[in-house]
Amino acid sequence: MPVDVASPAGKTVCVTGAGGYIASWIVKILLERGYTVKGTVRNPDDPKNTHLRELEGGKERLILCKADLQDYEALKAAIDGCDGVFHTASPVTDDPEQMVEPAVNGAKFVINAAAEAKVKRVVITSSIGAVYMDPNRDPEAVVDESCWSDLDFCKNTKNWYCYGKMVAEQAAWETAKEKGVDLVVLNPVLVLGPPLQPTINASLYHVLKYLTGSAKTYANLTQAYVDVRDVALAHVLVYEAPSASGRYLLAESARHRGEVVEILAKLFPEYPLPTKCKDEKNPRAKPYKFTNQKIKDLGLEFTSTKQSLYDTVKSLQEKGHLAPPPPPPSASQESVENGIKIGS
């Protein structure tokens, strides 16, 4: 059933794992649009959730609810009375016991609670991990929303994060079909961009390790990237668009790790960035092909990876996670010439 949310004002939605990297930006956008937001967190009084209360509209229209992903009754109480649900909460670990069952149960619990509450639409944050991991796919094939990872490959390589994401998404689709819930799923690639939360998450460490000098080399790998602000907006767009359905791949560009390091070196030459690849024997890995046309058709315009990297580093500096070095005399001019928006 297509959802109709022509006027967000007065509408209430639930965001699970509201204090997370992507979720915090979703909450911000929802509050700016006039929604009342019920955000689930493990402990509403934890100082690490203070950034949510400080968001514009937070004091008036944000309710933080204590709910663990494995506590069905608590999730049900949070979702009750909501028009929509954004399920972003999920374990991020390589431990199969902590990753797989909690992720699957969490997805099922949210769908079941949404069905009981007669929620109009559920939007779930899945991952490229549920899409891309297939060694038998033609390297020249274009990765799109119809692609699924190979479960046996994920299991045999002990890639429990991707395995968990895939089985959790499959469980969500099966439960939604069984319960008659309108479900839309987003599959973002590696997410960059400025964090609202005070803590460092795994994808931000991906950038931080190069800047601090802890990574002396970069891997001979390619990865696709997307900005956290675009991912958050995509969640809201697919919730609000009556025509939205199925899965949406969220990726701006696919790049070799060496290219990412080169961009960082041009933007921030003061940091001890690696200059050598860990694997110089084999040919340089080629980025895979993908299409992001489906989400573009809903009006999403992607932030460039270069801009995203710049904003990520500036934010890490401002939050005290990265010591700001003294800028070279021409840094400001060089950044402008590189097509970067300063202070955005």
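Backbone N, Cα and C define each Cβ position, glycine as well.
Quick look at what Swiss-Prot lists:
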- Ser7: phosphoserine (MOD_RES)
- 17-23, Arg42, Lys48, 68-69, 88-90, Tyr161, Lys165, 188-191, Ser203: NADP(+) binding site (BINDING)
- Cys154-Cys162: disulfide bond (DISULFID)
- 317-344: region 'Disordered' (REGION)
Separation of alpha carbons, Lys165 (NADP(+) binding site) and Cys154 (disulfide bond) (Å): 11
From binding-site residues Gly17, Gly20, Asp68, Ala89, Leu190, the one whose Cα lies nearest Cys162 (disulfide bond): Leu190
DSSP state at Lys165 (NADP(+) binding site), helix/strand/coil: helix
Cβ contacts of Leu190 (NADP(+) binding site) (under 8 Å, same chain, 6 or more positions away): Ile128, Ser203, His206, Gln223, Ala224, Tyr225, Val226
Most Cβ neighbours inside 10 Å, all chains, among the recorded positions Asp68, Cys154: Cys154
Count of other CB atoms lying within 10 Å of the CB belonging to Gly17 (NADP(+) binding site): 24
